[in-house]
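A.B. asks: The annotation ATP binding site is assigned in Swiss-Prot to Gly30, Ala31, Asn32, Gly33, Ser34, Gly35, Lys36, Thr37 on the grounds of sequence analysis.
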Amino acid sequence: MALTRLLIKDFRNIEAADLALAPGFNFLVGANGSGKTSVLEAVYTLGHGRAFRSLQAGRVIRHDQPEFILHGRIDGAEREISVGLSKSRQGDSKVRIDGSDGHKVAELAQLLPMQLITPEGFTLLNGGPKFRRAFLDWGCFHNEPGFFTAWSNLKRLLKQRNAALRQVSRYAQIRAWDQELIPLAERISEWRAAYSDAIAADITATCAQFLPEFALSFSFQRGWDKESDYGELLERQFERDRALTYTAVGPHKADFRIRADGTPVEDLLSRGQLKLLMCALRLAQGEFLTRQSGRRCLYLIDDFASELDTGRRRLLADRLKATQAQVFVSAVSAEQVTDMAGEKGKMFRVEQGKIEVQPQD
């Protein structure tokens, strides 16, 4: 999968842009605040229905405009696919695929699997469990056809159960929610556990190349005691949940812990090493998807040079080239991305929201 064309209208500081994209590397070079990250964010939004720097649609729509519009053409395995997304200041979204409306954002995500690497991405390693659950859920979404529906139903049931906890006095009054919740929770936990086991070898191999000085280990924690039956646990902890007014255990509390030499990575690794580990996780996940399904991710890398010395930048560049995937990279100067340049690459100069193709030597 690769985007061959990207049209942007009234997104961030970009009034209008029509970009013919390279199947390999697409470099976005410009000063801070020029709009290069906005291009990355437009690509991300086209595949996710939301931006990665803001969850509010109004903040990514250009000043005084009613909506943003994004359109892309995807070079699929068998044919070219047209996709589009628009969103108004009121939050109304419209998803279009091959000229027809009424589609879901999840369909865009299936068509455009992406891995995002940003300076804020350290939260995958030093943030709360929700960021690592999202890592596992990305893999389950792209590998298990029933995952998204089950995950959506789980969120709905947990919300309903938590609301009911504020109103009920006996467990029998909440049993109906649990009878639906329990099989969903167990199924999602099984999918996550299977995915974490399956991808462990890929992560270990990639980390050995990026951080050979550490012995890294990975463990999936499902969100409740592994020796306990989830249904019995919910009933046993009813009074505690009622006092808290939320469900304290379950797949919504799962985690994927990473240790280096037996120590949590966030307590041992430098920022440069954490960035390499984050890149290793994203690369391993993308390569696992390719091996399982034949589909390639798009890799979006914002501020490529931050936290990485020349040797580490070259290592990351070589691994990205080996994926043969489409890559979008932002940098302050062209010199920072010279190790990535090649015959399948294209360089764009971004200044004050204007984007121009730059010739490569």
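Residue 1 is the first one shown; counting continues down the chain.
Even glycines carry a Cβ here, placed using N, Cα and C.
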A.B. asks: In the structure shown, which of the binding-site residues Gly30, Gly33, Gly35 has the fewest Cβ neighbours within 10 Å?
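C.D. replies: Checked Gly30, Gly33, Gly35; of these binding-site residues, fewest Cβ neighbours within 10 Å: Gly33.
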A.B. asks: Please report the number of other Cβ atoms within 10 Å of the Cβ of Thr37 (ATP binding site).
C.D. replies: 23
A.B. asks: Can you tell which of Asn32, Ser34 has the least company, meaning the fewest other C-beta atoms within 10 angstroms of its C-beta, among these binding-site residues?
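C.D. replies: Checked Asn32, Ser34; of these binding-site residues, fewest Cβ neighbours within 10 Å: Asn32.
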A.B. asks: With an 8 Å cut-off on Cβ distance to the Gly30, Ala31, Asn32, Gly33, Ser34, Gly35, Lys36, Thr37 Cβ center, who else from the chain surrounds the ATP site?
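C.D. replies: Same chain, not in Gly30, Ala31, Asn32, Gly33, Ser34, Gly35, Lys36, Thr37, Cβ within 8 Å: Ser38, Ser330, Val350, Glu351.
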A.B. asks: Near the Cβ of Lys36 (ATP binding site), how many other Cβ atoms are there if near means within 10 Å?
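C.D. replies: Summing over all protein chains shown, Lys36 (ATP binding site) has 27 other Cβ atoms within 10 Å.
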